[in-house]
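Notes for the one structure printed next.
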Amino acid sequence: MGNDDIVQVLITSGANIDVCMENNTAPIYIACQYGHRHVVQLLVEAGANIDVTNGIGATPTYIACQNGHQQVTELLINAGANINIADKESVTPVYLACQNGHEKIVELLIAAGANVNIALRASITPVYVASQNGHGKVLQLLIAAGADVNAANDQGATPTYIASQDGHHSIVRMLIGAGAKIDIADQDGATPLYLACQNGHEEVVELLIHAGADINIARNDGWRPIHSTCNEGHGKILQLLVEAGADIHGCDSEGWQPLHLACQNGHEETVRLLITFGANINVVTCLLETPVYIAYKNGYNRVAELLISAGAEVNITNLCGYSPIHLACHSGQEEVVRCLIEAGAEINIVAEDGVTPVYLACRNGYDKVLQLLISAGANVDAVDQFGETPIFVACQNGHDAIVKLLIAAGASFNVSKRGNLAPLHLACYGGHDKIVQTLISAGANIHVVTPDFATPLHLACKNGHARVAQLLIEGGADCNVSCLDGFTPTYMACENGHDKVAQLLIAHGADINKGECKPIHVACQNGHEKIAQLLIAAGANINTTSTNGTTPLHMACQSGHDNVANLLMAAGANCNKVNSSGWKPVHVACFQGHGKIVRSLIAHGVDGR
């Protein structure tokens, strides 16, 4: 027994032919979905509701058209189905048939009186969707039925627009023949020609131009078809546009011409064509960026070389005063720098912030680029807006090879600039020992001080750079010099827990008891147990007091460093010494809640009174 027979038996037995499943799907809907014509016929003859809708509002006719079941559709039409019922999104049977290219079904629906201009909520019509999907035969049927070929969607896109965007040239030809308006723009101002140019659809572009499309209509941002063409690098389309009279000098809202866009995206052949067509190779954008600058900025060196060979000016700067050679030096493009120098680039050109090409090469560590600039006579002592020379930034960033080149070229290295820091200060602060060695060997002043009298040794010790500290000491640096706050290099090493540096200083005769606040004070305050051990072993006065009478033990108790406190007590620290407030270490420990230290103090015989 087949499906038809089973259905017949069920109908004869009184089955409810319109019963729906939980998603509101009736039997006739399922039969239409799978194209079971005979089952549909049985259900229709038994009186099934042929216009029943499911959860989304779709009818049996809707689903039959969607799936291309021509015979089922015809049966439903003949049975009187309403062919214009739309689902909840306003999608009709004819829309679905057009979308999927079922021309026979479209023909049936049109003959039965289907409305060919009903649109979705987004204002998309059957003509639009047929054009979008390239269904030519369907489109012919719709045009013959009087469909509106200029109906736009809610973003302003027409059937011609979408067909042009997707490259359906036969569809575009058909629409033009049916009277479509070819210059209707979308909400952004883009026309069918613009989209065809952007997407490289040469045949469509030819069709539209021959049909009289306006080739210079601009989008809201000023981009014209020729802009999108050059942005994408479509050389053949560029030729078509220029031959049709397109303006190659048109600017967008930011002053960008087609040549700028071609350079930005590295379209060498497009740039070559534009030069041939007479494009201004020195034209600037609103930010004063030239085609050469833009090409270098985006890494398209061959494009830049092409422009230079065509006579492009290489010293035009942008709003910040940066020229192409600035960019090339910033990114370390050795060959580009070489080409620019040969083309007459100004190697000492200064940007608004005082930065020169040499400065940029030094900042980023491009020694080969720097060699080219030096060989061309670049000024190695040019200062930026902060008064810094290239050697400052090279020392700060740790570029040893750069520093050597600068010194060999005669760069000044003993001058102090921003904050009265010398290059040696910066190298020591960063721990760049090779640079420190280079500077010392060249005769750098190792006693140079900052405004607060910090020497290079202070900075090296503060940051724990033992190798740098050793080089400075070997070069004659004073281990006991004090800065404005009275701190010695040893104090700074102990403050920050740099035990290797502290050990080095002690080994070279550093006075560990110098200053109002001693190294052992700060070591105990910060809990640096290993350094405290070093200092005690070296003879540090463990009962020394600061100006307010505070001992190292007071400080350990204040901060809760029980190991350091125990170390001091084991070394014989006076547990009963009072500070200027009359407090003993035990008072401080109790006040701070450090019970473990209190117990240790009691164990060492502290007088708790």
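Each residue, glycine too, has its Cβ placed from N, Cα and C.
Caution: TrEMBL annotation is automatic and unverified by curators.
The repeat 'ANK' annotation in TrEMBL covers 23-55 (among others). Residues of the same chain lying 6 or more positions beyond the ends of the repeat 'ANK' (23-55) and with a Cβ under 8 Å from any Cβ of it are 3-4, 7-8, 11, 17, 61, 63-64, 67, 69, 71-72, 75-76, 79-82, 85, 87.
Only residues 6 or more beyond the boundaries of the repeat 'ANK' (56-88), in the same chain, are considered here, and those with a CB under 8 A from a CB of the stretch are 26, 28-29, 31-37, 40-41, 44, 50, 94, 96-97, 100, 102, 104-105, 108-109, 112-115, 118. Marked as repeat 'ANK' by TrEMBL: 56-88 (among others).
The feature repeat 'ANK' is assigned by TrEMBL to 122-154 (among others). The list of residues near the repeat 'ANK' (122-154) in space but at least 6 beyond its ends in sequence, with Cβ under 8 angstroms from a Cβ of it, reads 92, 94-95, 97-103, 106-107, 110, 116, 160-163, 166, 168, 170-171, 174-175, 178-181, 184, 186.
What TrEMBL lists as repeat 'ANK' is 155-187 (among others). Sequence-distant contacts of the repeat 'ANK' (155-187) (same chain, six or more residues past either end, CB-CB distance under 8 Å): 125, 127-128, 130-132, 134, 136, 139-140, 143, 149, 193-196, 199, 201, 203-204, 207-208, 211-214, 217, 219.
Per-residue pLDDT, averaged along the repeat 'ANK' (221-253), amounts to 98 for this model. Residues or ranges marked as repeat 'ANK' by TrEMBL: 221-253 (among others).
Look at TrEMBL and you will find 254-286 (among others) tagged as repeat 'ANK'. Long-range neighbours of the repeat 'ANK' (254-286) within the same chain, counting only residues 6 or more positions beyond its ends whose Cβ lies under 8 Å from a Cβ of the stretch, are 222, 226-227, 229-235, 238-239, 242, 248, 292, 294-295, 298-300, 302-304, 306-307, 310-313, 316.
The feature repeat 'ANK' is assigned by TrEMBL to 320-352 (among others). Counting only same-chain residues 6+ beyond the ends of the repeat 'ANK' (320-352), those with a CB under 8 A from a CB of the stretch are 290, 292-293, 296-297, 299, 301, 304-305, 308, 314, 358, 360-361, 364, 366, 368-369, 372-373, 376-379, 382.
Positions annotated as repeat 'ANK' by TrEMBL: 353-385 (among others). In the repeat 'ANK' (353-385), helix, strand and coil residues by DSSP number 17 helix, 0 strand, 16 coil.
Look at TrEMBL and you will find 386-418 (among others) tagged as repeat 'ANK'. Residues 354, 356, 358-359, 361-367, 370-371, 374, 380, 424, 426-427, 430, 432, 434-435, 438-439, 442-445, 448 of the same chain sit 6 or more residues outside the repeat 'ANK' (386-418) yet have a Cβ under 8 Å from a Cβ within it.
Tertiary proximity for the repeat 'ANK' (452-484) is limited to same-chain residues at least six positions away from its ends with a CB under 8 Å from its CB atoms, namely 422, 424-425, 427-433, 436-437, 440, 446, 490, 492-493, 495-498, 500-501, 504-505, 508-511, 514-515. Look at TrEMBL and you will find 452-484 (among others) tagged as repeat 'ANK'.
Residue counts for the repeat 'ANK' (485-517) under DSSP, helix first, then strand, then coil, are 16 helix, 0 strand, 17 coil. Taken from TrEMBL, the feature repeat 'ANK' covers 485-517 (among others).
Residues 488, 490-491, 493-499, 502-503, 506, 512-513, 553, 555-556, 558-559, 561, 563-565, 567-568, 571-574, 577, 579 of the same chain sit 6 or more residues outside the repeat 'ANK' (519-547) yet have a Cβ under 8 Å from a Cβ within it. The repeat 'ANK' annotation in TrEMBL covers 519-547 (among others).
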- Message: Below 8 angstroms Cβ to Cβ, which residues of this chain, lying six or more residues outside the repeat 'ANK' (353-385), approach it?
- Response: 320-322, 325-326, 328-334, 337-338, 341, 347, 391, 393-394, 397, 399, 401-402, 405-406, 409-412, 417
- Message: Based on DSSP, tally up the residues of the repeat 'ANK' (452-484) by helix, strand and coil.
- Response: 16 helix, 0 strand, 17 coil
